[in-house]
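Comments concern the structure below.
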Amino acid sequence: MMRHKNTNKHFTRMGTRKKVHAFVRVKPTDDFAHEMIRYRDDKTIDIHLERDTRRGVINNQQTDWSFKLDGVLHDASQDLVYETVAKDVVSQALNGYNGTIMCYGQTGAGKTYTMMGATENYKHRGILPRALQQVFRMIEERPTHAITVRVSYLEIYNESLFDLLSTLPYVGPSVTPMTIVENSQGVFIKGLSVHLTSQEEDAFSLLFEGETNRIIASHAMNKNSSRSHSIFTIYVEAHSRTLSDEKYVTSKINLVDLAGSERLGKSGSEGRVLKEATYINKSLSFLEQAIIALGDQKREHIPFRQCKLTHALKDSLGGNCNMALVTNIYGEAAQLEETLSSLRFASRMKLVTTEPAINEKCDAERMVKNLEKELALLKQELAVHDSLANRTHVNYDPMDEIQIAEINSQVRRYLEGTLDEIDIINLRQIQEVFNQFRVVLSQQEQEVESSLRRKYTLIDKNDLAAISAVQKAGLVDADGHLVGEPDGQSFGFGVASFTAKAGKKPKSRKTMKEQPSSSARKEGASSPVSGKDLDIFTSKTQLTPSSKDGDVKDMLLRDRETSYNETLPLDTPKEELHPPRPSTPPSRPVAFEDFKSERGSEINRIFKENKCILNERRKRASETTQRINAIKKEIDITKEALNFQKSLREKQGEYDHKGLMIIDEEEFLLLLKLKDLKKQYRTEYQDLRDLRAEIQYCQRLVDQCRHRLLTEFDIWYNESFFIPEDMQAALKPGSSIRPGMLPVSRIVSLGEDDQDKFSQLQQTMLPEGPDSISFYNAKVKTEQKHNYLKTTMGLQQAHRK
Ligand code: ADP
Ligand code: MG
């Protein structure tokens, strides 16, 4: 049954379809209603009701019913009942099939007697103790398997779950609430104790303990045990003793004693009793609904979760289970109405089809062991083959570092051309060779990248020749500002702060680093310091107002002392000596690369994308222009040809008899062509106009993006590396200021330009603009409050303990 496949994913061997076995057990009585209850054969029970003449409309009142079941147990001994109802279900459980046996019926009709039996009399013991006995007997008979048995005993009363085998003294449902949990393995009750029992006796003790607990609890809670459902579960797990067998089977047998099924209202229940009755009737009618749904092949959804009873039994009703139902009825005429309703339930149950299947699982530990064995065997086999092929030196173990290093060197030599061939030894080695190719390749890529980076970052600001070379390469414009490369690739940033013509700076680029003190420039001009160092320096002076103009060189040296090893020559590029550390501000170009791949990645991506679009549109525009020119040319040629044809015709004076001009085919075709060309021209021209508009728009977008990228970078750079410590603390996570926002104290000290920049910064850093500040602040505060509550609650709990 497809709709049950979620209940247990481990069954593999599907069985054949089976119906639920539904039996009726009639409670012995001296007052059996022979007139009303008749057995047609040992499976069919007929009910006959006398017409009730006191009722008004009697003609359409049904008086006869017939129920065909799997067996009618009249005056049957406990032994016979077990043989008929339970024996097969239990024996199948040891083969891995789940089983469910339920007793249903009116209170007093014999459910508990059938399930549990009379505990004081061995002969009258019910299905439960007999099932346990059978399980242990079968285990003895099956020495080929190691079989474990576990049991649990659950009671459901007024939609609350009780563990009848709880090792703790009874404390009520609120302290250890149990929950019904579903996973791929099926349904289980979280919190329900499951007890390993190695022999029959243990199992019996648990069973009795459960019964006792049930009675004690019913007294303690003043509850009527006939109004609760109880589910005794036997869990079986059978492993083959043959170690090579990785598969093992599991199963569970649910033995369910349902609450009394009598209808409400008859007894005029009140208060607690009414509440109980409502719960029972609800859960039983939910059980019935589930049963009806299970019996209906067209139904996709089975309402298992409506109550605890059906939820707990979800994977034990229908599905892959062997199922048996005993409907206990009275034989007396007075109970006929209830008897009828019980029989109806039984016949509905009979419609349910199940598809019993083995719950087969795989023992991972055993599997590993078996695979290891297999591996060892195959290695031996390989060794035999190698020795026959004279390849005795070959080793198939995983390679160690030295061997890998050797392969790496082989690959390098091979790439350099100093090694002609790499010897193939075995598959593992081939794989490693390819691996090392990849390693070498990525190393080389990195080397190329970093050498390129060095090339762009290490230009001396005073080296005018170098700068002009860079300018020629299109990296800086005449003002020394960096430009995005027109081909859509990333752009360098090395000498961004260099200003060849001071005072010609555009306003928009008036950022901190572009206001170096005159002395800084003077010093820069006379000292052999690389551009990036000057960059760091000028930025730093911005935020350390105490530095005096004359201290430039000192400061530079100090800066180096704190950042680098003092024995290093001043102009050694630091990347070659130290990897960049967070405490050492990286040069702007390097930082810019970082920025683009991290914080600025999104805008950089948009920037690049827009540039790509722009370039593509430009290309298309130029292609279109070319096409237009070609068409224009063609039009001119065609026009000329037409004129020639026309003049020719005029000379010949070709007219038809009506005086109309006769056009020959050639001229006609030329006319058509001209028309067509003009149409083409118009379409292309329209395209070109659209493209131009688009290009203009894209150009603006690209400019905007570039501007934003640079502005954000500036902010990020200064903030990341040049913000005083007190402010950095404020920018740490947990403070109400996000990175990207500046504390209020900072705004006050900002100049007018900086104020502008600050609001701009807020807009760009907070994705939703300045309005989102309160949102983020509230969020942070809520988080803090939540954390506070968590801590204090934790403290209180610890205190209580
Ligand atoms: P239920 O659990 O359905 O409410 P019980 O199993 O408690 O009913 O039965 C009520 C009483 O009838 C008990 O005293 C029980 O021993 C007795 N009884 C029920 N069925 C039988 C039976 N088949 N043979 C002998 N006594 C029975
Ligand atoms: Mg009972």
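Every residue, even glycine, has its Cβ placed from backbone N, Cα and C.
According to TrEMBL, the domain 'Kinesin motor' annotation covers 19-352.
Residues or ranges marked as ATP binding site in TrEMBL: Gly105, Gln106, Thr107, Gly108, Ala109, Gly110, Lys111, Thr112. Counting Cβ atoms from all protein chains shown, Thr107 (ATP binding site) has 17 others lying within 10 Å of its own Cβ. Mapped onto three states, the DSSP output places Thr107 (ATP binding site) in coil.
If you look up TrEMBL, you'll see 361-388 marked as coiled coil.
Summarising the annotation, TrEMBL assigns region 'Disordered' to 502-590.
What TrEMBL lists as compositional bias 'Polar residues' is 538-547.
The annotation compositional bias 'Basic and acidic residues' is assigned in TrEMBL to 548-563.
Using a Cβ-Cβ cut-off under 8 Å and counting only residues 6 or more beyond its ends in the same chain, the coiled coil (361-388) has close neighbours at 10, 239, 243-250, 394, 396. Among the binding-site residues Gln106, Ala109, Gly110, Lys111, residues whose Cβ is positioned under 6 Å from ligand 1 are identified as Ala109, Gly110, Lys111. Here Gly110 (ATP binding site) comes close to Arg25, Lys27, Asn328: these same-chain residues lie at least six apart in sequence, with C-beta atoms under 8 angstroms from its C-beta.
Neighbour density around each Cβ, counted as other Cβ atoms within 10 Å, peaks among the binding-site residues Gly105, Gly108 at Gly105. Surrounding the centroid of the Cβ atoms of Gly105, Gln106, Thr107, Gly108, Ala109, Gly110, Lys111, Thr112, where the record places ATP, the chain contributes additional residues within 8 Å, namely Lys27, Cys103, Tyr113, Ser226, Gly260, Asn328.
Checking the binding-site residues Gly105, Thr107, Gly108, Gly110, Lys111, Thr112 for a CB within less than 6 Å of any atom of ligand 2 leaves Lys111, Thr112, listed in sequence order.
For Lys111 (ATP binding site), other Cβ atoms within 10 Å of its Cβ number 28.
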